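As given in TrEMBL:
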- Asn107, His112, Glu117: oxalate binding site (BINDING)
- His110, His112, Glu117, His158: Mn(2+) binding site (BINDING)
- Cys31-Cys46: disulfide bond (DISULFID)
- 76-213: domain 'Cupin type-1' (DOMAIN)
- 1-21: signal peptide (SIGNAL)
Amino acid sequence: MAASNFLLVALLALVTSQVIASDPSPLQDFCVADIHSPVKVNGFVCKDPMAVNVDDFFKAAELDKPRDTMKSKVGSNVTLINVMQLPGLNTLGISLARIDYAPLGQNPPHTHPRATEILTVLEGTLYVGFVTSNTDNKLFAKVLNKGDVFVFPQGLIHFQFNPNHDKSAVAIAALSSQNPGAITIANAVFGSKPPISDNVLAKAFQVQKGTIDWLQAQFWENNHN
């Protein structure tokens, strides 16, 4: 009986830990990140509350300024405000981003391993979507206009594309993590350091090794600032 009770408790603990898995929750009014602390924890150590000031919760105007998209191969520029730029976000489970899109620009397929994203279009039009996990791999996609809102579930591959040939677009996104992370699929697969074996990728994508070698030789830039 004792053994079965122990197994039941262990199972419940495991299930509960998976259900509540998220950014560390605050146990006080705030926990301003001490970015420079040598102590390593999941997140950041709290700054001494007596040393906290209003600027720890403030970021000077940045998201009102258009970003340069012409230098980007994919035609977009992501300006992220996370805990690294705004220490007061530590343990609060939220961050913000502005995304600028050139005509025909895109925020290419990517994932946020630690966050759900909700996006609203401020200017222009966007074709957006996400793909569900194996084995369905179902695409949910929609054309958004100014003021429209769309949500991308945590961890799923998603994208945004500006279909206009002559008009830029702008969006604001909120993410449910102080540090959501971003994995751009093409960059991770073809631009890893060191590179993934071309034998592996040729088999995975069912193409010739020469195609993989060409893709790995490209410059896979980061469109996040």
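Cβ coordinates come from backbone N, Cα and C, glycine included.
Because TrEMBL annotations are produced automatically, they should be read as predictions rather than curated entries.
Listed in sequence order, the residues Thr111, Ala115, Phe130, Phe152, Leu156, Ile157, Pro180, Ala182 complete the 8 Å Cβ shell around the Mn(2+) site centroid, once His110, His112, Glu117, His158 themselves are left out.
Annotation: Asn107, His112 are the recorded positions among Cys31, Cys46, Asn107, His112 whose CA atoms are within 10 angstroms of the CA of His158 (Mn(2+) binding site). Around His112 (oxalate binding site), the same-chain residues at least 6 positions away in sequence with a Cβ under 8 Å from its Cβ are Phe152, Gln154, Gly155, Leu175, Ser177, Pro180, Gly181, Ala182, Ile183. The Cβ neighbour count for Glu117 (oxalate binding site), using a 10 Å radius over every protein chain in view, is 23. Under a cutoff of 8 A between CB atoms, and with a sequence separation of 6+ in the same chain, the neighbours of His110 (Mn(2+) binding site) are Ile157, His158, Phe159, Ala182, Ile183, Thr184, Ile185.
Other residues of the same chain near the oxalate site, with their Cβ within 8 Å of the Cβ centroid of Asn107, His112, Glu117, are Ala97, His110, Thr111, Ala115, Leu119, Phe152, His158, Ala173, Leu175, Pro180, Ala182. Cys46 (disulfide bond) sits 34 Å from Asn107 (oxalate binding site), taking the CA atoms of both as reference points.
The separation of Cys31 (disulfide bond) from Asn107 (oxalate binding site), Cα to Cα, is 32 Å. If you measure from the Cα atom of Glu117 (oxalate binding site) to that of Cys31 (disulfide bond), you get 23 Å.
When Cβ neighbours within 10 Å are tallied across all protein chains shown, the highest count among the disulfide-bonded residues Cys31, Cys46 belongs to Cys31.
Ranking the binding-site residues Asn107, His158 by other CB atoms within 10 A of the CB puts His158 at the bottom.
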